[in-house]
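These features come from TrEMBL:
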- B:H62, B:H64, B:H142, B:D212: Zn(2+) 1 binding site (BINDING)
- B:D66, B:H67, B:D212, B:H270: Zn(2+) 2 binding site (BINDING)
- B:D66: active site, proton acceptor (ACT_SITE)
There are 2 protein chains.
Amino acid sequence: MKFQLTILGSSSATPVRNRFPSSQLLNINEKLFLIDCGEATQIQLLRYGLKASRIDHIFISHMHGDHYFGLPGLLSTLHLNGRVKPLYLYGPPELMEIISLTLTHSQTRLRYPLEFYPVDPSEPGQIFENAEITVETIIMNHRIPCTGFLFREKARLPNIAREKIQEYEIPTQAIADIKQGADFTLPNGILIPNRELTIPPRPSRAFAYCADTLVKPDIVSQIKTVDLLYHEATFMNEMLDRANETFHSTAAQAAAIALEAKVKKLVIGHFSARYRELSPLLTEARAVFPATELAKEGTVFQVGEPASS
Amino acid sequence: MKFQLTILGSSSATPVRNRFPSSQLLNINEKLFLIDCGEATQIQLLRYGLKASRIDHIFISHMHGDHYFGLPGLLSTLHLNGRVKPLYLYGPPELMEIISLTLTHSQTRLRYPLEFYPVDPSEPGQIFENAEITVETIIMNHRIPCTGFLFREKARLPNIAREKIQEYEIPTQAIADIKQGADFTLPNGILIPNRELTIPPRPSRAFAYCADTLVKPDIVSQIKTVDLLYHEATFMNEMLDRANETFHSTAAQAAAIALEAKVKKLVIGHFSARYRELSPLLTEARAVFPATELAKEGTVFQVGEPASS
């Protein structure tokens, strides 16, 4: 099952040349989930040949414009391109107020249902579930209410060892129960315990998106051992005071969270416009957590595969 | 005096690869005027090395998102980059409602004064004046209230013929009056009429921006003989029904307006995403009005110089 992340925007509040405001696209088993939607997100989707029409779920972390100013345009484009299937939007309650006003003043009535689910920024909770994944909020600590999002594959069923099927002549109709944990009883009454028949499933994969936040160690338990952690790193440690003032994190702080949470890979982003070159941020983070990569526009990260670094 | 137009976005409602929503930047004597501000306008300004901080006046034609969805982001960037000088914004009354709401929900208090002047879309009027130019609205006919903008140099004073200064020994202190139209009386009492002393000034230049509109022949008298006319041309004539339905113009219609108004040069833009190639629109317009050019991102047009075609 595909589980991959494409970076659409890596910039913090003000864009710089070739760095766009925050947006990321998750492809989970060919279903597309958009996370934040900074200005020009729809233009970035075009650039990378990613079809906006395939996005069914959009998650917005908070009401700073660099995380949602691309949303009204994207919603309008989907409408104009004839979308009829529902779009599910998750974000701060205030978001819908702005979307509604842009629609009212352009005298637009969307052709597709836009289903809005306001997100509670006060405590973590599951906000989405389908057959394959769940999405939980991660509570951030920013100047205004802000949530991250944890995308986790559901626990997979164990596989049955092929040779055991032959050895014990297990009939097809018994397999579903065994996958669910049942033992198997032979015709002679001998019971074969489930653990002897099954192979543990590949561990469920998870991606955590930690949006704008003052470094927040209490998220560690929630994001423990995720395969891929995106954590904002607006500044370097030399700007720690500024990071604290503006409720942002430094590259070293993001890496310390990754280390403590024992994640497999860290991606840092939301870089301040002051940094023309990003390699110093990478160096700072890798000194703490070597399996770190930079969010760069167009980069694709596999969730749950070995780090390429 | 510089008077030039840079195209930042040429696309209609939905962007396509390399075509951005509507925005144009006028440089009049090193003062920058932004006309419409579609999504990613600030990113286009970065791309072309145009300093957003130098813009003091922004004109928004109407409340369709492809003409203003870049404005909240631009205003925010100016704030974050430390602007303190006032910014003057002209547009539909509803515009300020949306800007205010984005500021409220991001808990942002702009560091600079944002002075908003609501534009009356019902009849043409002068909405701006400085020492060099005036700006008038042009009333468009679109699905929602919409205005274009006419930028016109003020009438220039005549020049005094250098050889006449010598011939009549005109003292310096008399020159200002002569420029204003006074005659000159020689010491012997003979009066030299003003017309013999002066050279008519270069004609005042003008640029008309005709935003989204069903073709509207009654604007011709207002835009008569302007040096540069931008007129939307969303469709080709083969899509005339669609143009009428959506209150847009075709390339041939835009050209017919240019021809009737005897403008010096026409730029067409706001192209529908259905056109991958724009040359057919240019061909259609040039068949009616040869001095036509395409609005293309990054193209600079001089207002008042001979057409380059």
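Glycine too: its Cβ is placed from the backbone N, Cα and C atoms.
For B:H67 (Zn(2+) 2 binding site), the same-chain residues 6+ apart in sequence whose C-beta sits under 8 angstroms from its C-beta are B:P21, B:S22, B:D36, B:C37, B:G38, B:I60, B:S61, B:A211, B:D212. B:H270 (Zn(2+) 2 binding site) carries neither a helix nor a strand DSSP state and counts as coil. The two recorded residues, B:H270 (Zn(2+) 2 binding site) and B:H62 (Zn(2+) 1 binding site), have Cα atoms 14 Å apart. Apart from B:D66, B:H67, B:D212, B:H270, the residues listed for Zn(2+) 2, the same chain places the Cβ atoms of B:S12, B:A13, B:P21, B:S22, B:D36, B:G38, B:S61, B:H62, B:H64, B:A211, B:E232 within 8 Å of the centroid of those Cβ atoms. The subset of binding-site residues B:H64, B:H142, B:H270 lying near chain A, with Cβ atoms under 8 Å apart, consists of B:H64.
Each residue in B:S61, B:M63, B:H67, B:M140, B:R143, B:I144, B:C146, B:A211, B:T213, B:F247 lies on the same chain as B:H62, B:H64, B:H142, B:D212 and has a C-beta within 8 Å of the C-beta centroid of that Zn(2+) 1 site, without being one of the site residues. Under DSSP, B:H62 (Zn(2+) 1 binding site) is assigned to a strand (E or B) in the three-state scheme.
According to its DSSP assignment, B:H142 (Zn(2+) 1 binding site) is coil. Taking the Cα atom of each, B:H142 (Zn(2+) 1 binding site) and B:D66 (Zn(2+) 2 binding site) are about 14 angstrom apart.
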